Amino acid sequence: MNENVMVKGLTALTILTSLGFAENISNQPHSIAKAEKNVKEITDATKEPYNSVVAFVGGTGVVVGKNTIVTNKHIAKSNDIFKNRVSAHHSSKGKGGGNYDVKDIVEYPGKEDLAIVHVHETSTEGLNFNKNVSYTKFADGAKVKDRISVIGYPKGAQTKYKMFESTGTINHISGTFMEFDAYAQPGNSGSPVLNSKHELIGILYAGSGKDESEKNFGVYFTPQLKEFIQNNIEK
């Protein structure tokens, strides 16, 4: 991959405190720059597939099973995540699913930017994680020119952790690497890449630049990667 690839979300945009996740966000108005017509805000994330998407500080993740979230290694390892919380499908108007402390992290042993994050089942508000999220199903596969959507928290702190969905097309797949043109920004790292049936193809991990017209890259979930994830879902 080009050395100029920009990893999205390496720098945390806010620091969480013990008071919770969303409460620490600035009330000043913000907006996402250069957002095109294929980007929309999800104001109510209580329904599938949006209620499977979670916010980390500086990144995004997707729920795949009991207390189990998939994201990037660089998100899981950043900012001492054990001091932070995961916010389940936080959105600007809909009811969020709670804020959950991280229990442990399992990194994929290969080069792929993939990690499993397990959270404690009970939120700081007393909510049950598994009763407030949905589990995203894996796609059987994908091919070039398939339509996709990317759901996550671009510029999380600057947008007060509003959820956005962008759509695009797969341009290239090779092994565990995929390239697509759905719009993304810092904060979208770990965002689920879904097919038209809202099945999980992979997760976003990087982009080639700051302009929305440039390419974005994801970890494509091969059978081997799906097996790793499934073997690490809490029983």
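Backbone N, Cα and C define each Cβ position, glycine as well.
Some features that Swiss-Prot has for this protein:
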type	residues	note
SIGNAL	1-35	signal peptide
ACT_SITE	HIS74	active site, charge relay system
ACT_SITE	ASP113	active site, charge relay system
ACT_SITE	SER189	active site, charge relay system
Report task. Specify the secondary structure state of SER189 (active site, charge relay system) as given by DSSP, simplified to three classes. Result -> coil
Query raised in the report: So which of the active-site residues is most packed in, judged by how many other Cβ atoms lie within 10 Å of its Cβ, out of HIS74, SER189?
Result: SER189
Report task. Could you check what DSSP calls ASP113 (active site, charge relay system) once collapsed to helix, strand or coil? Result -> coil
